[in-house]
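According to Swiss-Prot, the features are:
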- GLY169, ASP170, ARG171, GLN172, THR173, GLY174, LYS175, THR176: ATP binding site (BINDING)
- SER362: site 'Required for activity' (SITE)
Amino acid sequence: MAINAQEISALIKQQIENFKPNFDVTETGVVTYIGDGIARAHGLENVMSGELLNFENGSYGMAQNLESTDVGIIILGDFTDIREGDTIRRTGKIMEVPVGESLIGRVVDPLGRPVDGLGEIHTDKTRPVEAPAPGVMQRKSVSEPLQTGLKAIDALVPIGRGQRELIIGDRQTGKTTIAIDTILNQKDQDMICIYVAIGQKESTVRTQVETLRQYGALDYTIVVTASASQPSPLLFLAPYAGVAMAEEFMYQGKHVLIVYDDLSKQAVAYRELLLLLRRPPGREAFPGDVFYLHSRLLERSAKVSDELGGGSITALPFIETQAGDISAYIATNVISITDGQIFLGDGLFNAGIRPAIDAGSSVSRVGGSAQIKAMKKVAGTLRIDLASYRELEAFTKFGSDLDAATQAKLNRGRRTVEVLKQPVHKPLPVEKQVTILYALTHGFLDTVPVDDIVRFEEEFHAFFDAQHPEILETIRDTKDLPEEAVLDAAITEFLNQSSFQ
């Protein structure tokens, strides 16, 4: 076979023209310092703020400080295997977490990895932990109620879907109990719940998960946990991971309740990280952008417009106070960001008034527009009556003689306090709340001894369930009260049959 030099040269020329170099170009740097959950690296010239970086041992970090000579990195996970001189690579991506239906019923860490021992989570969807909040024109007004099942909240400080309502109080005043009871009350309410535990003891988180499982609430709940034993970067990231998971459902038109327990510990973790990264400290040694830390998180909770699906994220952030000081730095920051706050007093808690809600210091700025008509009618004057009772109660300590009208107000106030008490993990449907509050505000309980109020309420609800379910059904379906004569007749019938007359 004759070799044609012309053909060979044409073939070589064609191969050269069609050659496409396939280089894997990755910008790398060198770790110059490692310790306390942070690292410094030199050589990453074009790294972005918040970019995910890959260490030689397979661990990941997130670029936090971009300086002229090096980059400050927070390490996501264990840093014991990382050494000075190790190579670090850019990934070109920002931090993302897995999202979707497959996370429901699972307990995960802030990176979306399962920690409940139930195997891998199979999902191919991810969302960035840092995402812009919905814009002004992408939002709708809060108009649908979120029923907590707690009389004191649904009557005095109602919460709407898409609202941010701060729960603030000292440690051991029942903050977590309110959140767990609210999650339990979302059963059959077409609501997905996300409980973010930040800096909690692992035994405490285990207890909360078992409570949710016992009452069947884990069927619609995701638990994101960054326990006290984990590195600070995970505590800092946990709330952002939780809200990223929530956004996936919100933009599908679903309603989500997210609980941050608690943001005080996130702020402390953030302060620790940025002091280690040598950011200049401000008030109480917190970095200057600690307000932005929480505002960019809580602004992602909203009720979005119908064009975006009409879904919502309702946020219940917690802040722990010291000796009831709600004027502390982080507390005032979060109060100014949220749409209201529920203040829990340790004095009330120790006096046996649980939930220990201080009606005078608690407010819901937008929840009133979401409250159902029936509750508005029966609870309209309840807050004023309660405040008036507290004021009069203070005067009675002087031992002065009281006129009949003042005595009647005190009697009604004592019964109001008793009615608003509620046992743990027993949320009450809104129609039952309305009937007992109607009986209270219309004077049907004025002759019932204060010590018998709890027994009265139990028998009252049992009577309505058995004898007048149609009244409860009317309230549930129409969101309004039936005719007063019908309710009055039913309550009078109960009193005639009971031992309370």
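From the backbone N, Cα and C atoms, a Cβ is placed for every residue, glycine too.
What Swiss-Prot annotates, mapped onto the structure for a quick look.
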{"residue": "GLY169", "record": "ATP binding site", "Cβ within 10 Å": "28"}
{"residue": "ASP170", "record": "ATP binding site", "Cβ within 10 Å": "18"}
{"residue": "ARG171", "record": "ATP binding site", "Cβ within 10 Å": "11"}
{"residue": "GLN172", "record": "ATP binding site", "Cβ within 10 Å": "12"}
{"residue": "THR173", "record": "ATP binding site", "Cβ within 10 Å": "27"}
{"residue": "GLY174", "record": "ATP binding site", "Cβ within 10 Å": "19"}
{"residue": "LYS175", "record": "ATP binding site", "Cβ within 10 Å": "24"}
{"residue": "THR176", "record": "ATP binding site", "Cβ within 10 Å": "21"}
{"residue": "SER362", "record": "site 'Required for activity'", "Cβ within 10 Å": "22"}
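Cα spacing between ARG171 (ATP binding site) and SER362 (site 'Required for activity'): 17 Å, rounded to the nearest whole number. Geometry remark: LYS175 (ATP binding site) versus SER362 (site 'Required for activity'), CA distance 14 Å. Cα separation, GLY174 (ATP binding site) to SER362 (site 'Required for activity'), rounded: 15 Å.
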